[in-house]
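Accompanying notes for the structure given below.
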């Protein structure tokens with residue numbers, strides 16, 4: 001029987017922590033300091049284990065903590081090392097295992113024996129930027145905010161359950177070193193907080209005799225109790241029930257004007273906001289909550305000591321929840337309200353409170369829709385919203401404010417048009433003002449205004465654009481308006497007159513309306529996945545595949561999805577997925593773990609939709625199968641290009657017709673990977689290079705203006721997105737067109753590629769063949785090209 005099932009910590013004694021390190025152990029030092037200073041109680045570090053002679057071991061020894069080094073080089077293979085590490089950890093009877101800069105993946109022995117009680121830090125906001133280069137990848141992608149995450153370790157690469165996250169702003173001039181150092185500072189605080197939360201949530205007791213029961217570390221909570229709420233609503237529907245639930249949970253309610261009176265009339269206690277600010281409502285109620293005491297209580301991030309100190313210094317009490325619904329501006333306009341009435345319905349204080357609370361989602365929740373009152377009532381009774389819930393509510397709040405402001409903008413522009421004669425030709429006329437904030441505006445007059453603005457203001461146009469047709473007319477001709485085109489300033493339509501069961505006619509089973517870009521990416525995903533006879537999945541981002549893979553016939557489509565996601569898990573975040581088999585429960589569970597825009601499939605098995613529809617924003621589409629249309633078109637200036645679709649099988653697509661021109665004939669497994677790569681390389685934009693192994697892409701170089709750069713990019717992505725594993729070595733390559741020089745193949749040869757398939761046909765084919773022959777690399781030519789422009 002494993003040691004961890006026989007040794008135990010006393011229920012009243014400190015929890016036994018085993019810390020794994022590979023370097024200086026700065027997170028270990030933070031944990032030890034917290035224990036010594038009394039800010040982390042009920043915990044004891046009983047061992048520090050490293051995989052190398054790490055500097056952090058000296059710190060542990062100076063604190064009289066037992067240490068051990070389990071070196072990979074001292075063991076016959078990786079499996080033996082995995083077992084030895086698990087045995088060493090077990091010998092210390094841990095209640096919780098903390099990876100503090102431990103630079104190796106844990107194998108099955110550790111996960112099977114200690115699963116559910118291993119935590120790790122990661123220098124990014126997962127699921128973005130997983131793997132060994134989270135800091136570098138965040139800088140490369142140009143994001144403005146990254147951060148630190150603590151997860152429960154599982155068998156994947158940074159795929160475990162998220163326990164806590166904290167943001168870190170990326171500053172101008174940041175390097176990988178400077179940014180990583182600031183993230184480490186956050187990690188050192190966060191790892192202590194998570195350990196404390198875990199121990200407080202579930203005091204450690206004696207380990208039991210079953211693996212499942214050993215997982216006695218409860219889910220860490222990021223909940224914040226709703227002790228104080230600010231409510232200001234125009235529409236009082238549902239207010240009494242919400243206020244009663246908050247009061248029942250012990251929440252202090254602060255409110256304004258008529259909202260406070262309605263709560264009071266319901267027989268519930270309420271504090272007037274004027275009593276909080278010490279300042280009365282003025283200007284006929286235009287100014288009620290615009291006060292530092294209110295917004296200080298909304299914006300104070302209580303994870304920051306400086307904010308807590310400021311609250312105490314100025315006597316400000318923070319808010320945990322804000323409930324606001326705005327003045328009905330849109331409805332007042334729709335009802336034909338008078339100008340002054342509409343002006344008074346422009347809410348000022350409400351949006352300001354919503355924006356403050358939404359910005360400070362870290363410690364304050366915001367509710368702007370009555371449909372979410374039940375969520376707030378429930379959260380108050382169970383100890384508050386989680387961080388993830390607060391973040392989601394903040395996103396809803398910002399979207400509502402954006403819609404509100406857009407409606408005000410539309411109305412003010414219409415009013416400005418009525419002043420056309422008075423302001424025409426000045427810097428404040430309608431056209432000039434509109435150009436100030438128009439996307440990509442170059443300041444030039446538009447055609448309709450070349451002879452002055454009077455005609456434009458009068459609304460007199462000779463011809464109605466198809467984009468301006470009423471929805472009923474569009475529907476009659478098989479058209480449907482989309483929210484916008486490729487960019488927000490472009491209008492877009494969908495022609496739905498195609499065949500039944502197609503993408504254009506597909507029903508959105510769940511999620512928001514499809515956008516123009518969603519349709520473009522979904523079409524590319526279908527093309528990539530449905531090229532295969534085996535179960536296949538494609539993950540698309542910006543009309544290019546960031547993952548393609550197949551499973552064997554009869555296997556779960558989830559296997560293909562797992563391999564496709566692993567191609568480039570960073571880019572897969574926010575991607576569009578197509579599967580050529582019905583989505584199973586196993587695949588649904590995998591997809592639900594990663595933010596996905598669209599999932600397209602020929603069906604969904606029982607239970608799969610139930611899992612996926614828990615994700616509010618994912619769009620789920622069902623189609624009949626592969627596109628059966630024979631042609632495709634592309635508009636150019638003054639005309640339309642029409643061509644036959646590039647379909648499999650073209651002459652040369654069958655591996656049986658390939659010509660071996662270098663190296664030894666491929667064995668069955670290698671030939672199968674070459675055949676997979678040759679089909680998959682049709683999907684990326686040219687110049688395209690695709691590396692594959694075991695039925696899945698491992699690196700894709702696409703859209704480059706020369707082929708050698710595509711080779712370099714494919715190798716780089718294969719080797720930098722897998723936690724240090726050199727996936728290019730031992731893989732095969734497909735090129736969508738010939739190699740014009742030997743420099744591209746040489747990049748692949750140097751990376752350890754074993755076989756290449758390409759069309760051939762270059763005047764320098766022999767140079768390319770000679771390079772492969774010299775390196776002992778197998779090369780086939782197909783005689784068929786698959787450009788995708």
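Here the Cβ of each residue, glycine as well, is placed from N, Cα and C on the backbone.
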Out of 78, 136, which is the one TrEMBL records at the (6R)-10-formyltetrahydrofolate site of 103, 104, 105, 106, 120? 78
Could you give the number of helix, strand and coil residues in the domain 'MGS-like' (221-368) as assigned by DSSP? 65 helix, 23 strand, 60 coil
Just counting, how many other CB atoms are there within 10 A of the CB of residue 27 (N(1)-(5-phospho-beta-D-ribosyl)glycinamide binding site)? 25
Could you tell me the mean pLDDT over the domain 'MGS-like' (221-368), as a whole number? 81
Restricting to the recorded positions 25, 27, 106, 120, 122, which ones have a CA within 10 Å of the CA of residue 158 (site 'Raises pKa of active site His')? 120, 122
Residues within 8 Å of the 25, 26, 27 Cβ centre (excluding the N(1)-(5-phospho-beta-D-ribosyl)glycinamide site residues themselves): 21, 23, 24, 28, 29, 30, 56, 100, 101, 188
My understanding is the cutoff is Cβ-Cβ under 8 Å with a sequence separation of 6 or more in the same chain; which residues meet that for residue 104 ((6R)-10-formyltetrahydrofolate binding site)? 22, 51, 72
For residue 25 (N(1)-(5-phospho-beta-D-ribosyl)glycinamide binding site), what is the tally of other C-beta atoms lying within 10 angstroms of its C-beta? 25
If one measures from the C-alpha of residue 103 ((6R)-10-formyltetrahydrofolate binding site) to the C-alpha of residue 25 (N(1)-(5-phospho-beta-D-ribosyl)glycinamide binding site), what distance in angstrom results, rounded to a whole number? 12
